[in-house]
């Protein structure tokens, strides 16, 4: 079976339109721009520096292997990737586990790139990248992975998201969720985090300028809502220090390609992303933000 063409979303109500616009405003900025600081696989999430001497590219493969390894994949299974980005996770899953794959993205650029990437693979497995949200997906699958996509959802969609994931998995089906986590402001003092205006302003900047329409869950949200949807939490692993190094590496690469970044976008976009990358590194370093992997199993 060959990979299918990029599939358009089915007809849906106006409720999805803002989500497409908000995601495309970020991820459809310029593939050339993102390529200036990402590793060659275009993986846009926290890497896993299993060894200190790893390059970013090696650490991204290590993160993907760490994530896929928690799913107990077997040849012929179907893996769903919610927020599949440029397709690196699905490509690795086919290579290492010989599975069928389905990727969901709201980004036109990512959808086209990822489908072409997977179509170029020498495999008989099915490879589909769909330009649609999880709200528009209801096919049965064996496993689910979602890496740093939940932050793009408004908070009121967290519960429906976990219910949808549960509904398409069989009993015993596994779901690996990687998420950026935040803490309620009222908990900052007991965590030793002073509440200062500069941090609040940076949070507003991220919400307005980088990821409009999104929200950062707390660990307690994921634990409670996944349980309500019928999942058992098997393991939680935190990778905070790995995100500090990932963000620092991205920022150094973008700064080294300042002229190319401006040529691909503008000086304003370059400065905005430098502020975003360096500020997020500081947040992870001070534990204002955290990065968790949650291994969930459907009862």
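Each residue, glycine too, has its Cβ placed from N, Cα and C.
Given the structure is predicted, the values throughout are model-derived calculations rather than measurements.
The annotation S-adenosyl-L-methionine binding site is assigned in TrEMBL to 44-45, 79-87, 105-110, 134-135. Taken from TrEMBL, the feature active site applies to 280.
Annotated pair residue 135 (S-adenosyl-L-methionine binding site) and residue 280 (active site), C-alpha to C-alpha distance, rounded: 29 Å. Across the structure, residue 280 (active site) and residue 106 (S-adenosyl-L-methionine binding site) are spaced 23 Å apart at their Cα atoms. Neighbour counts of Cβ atoms within 10 Å were compared across the recorded positions 83, 86, 109, 280; the minimum falls on 109. In the three-state DSSP reading, residue 44 (S-adenosyl-L-methionine binding site) counts as coil. With respect to Cβ neighbours within 10 Å, the binding-site residues 80, 106 differ, and 106 shows the lowest count. According to its DSSP assignment, residue 86 (S-adenosyl-L-methionine binding site) is coil.
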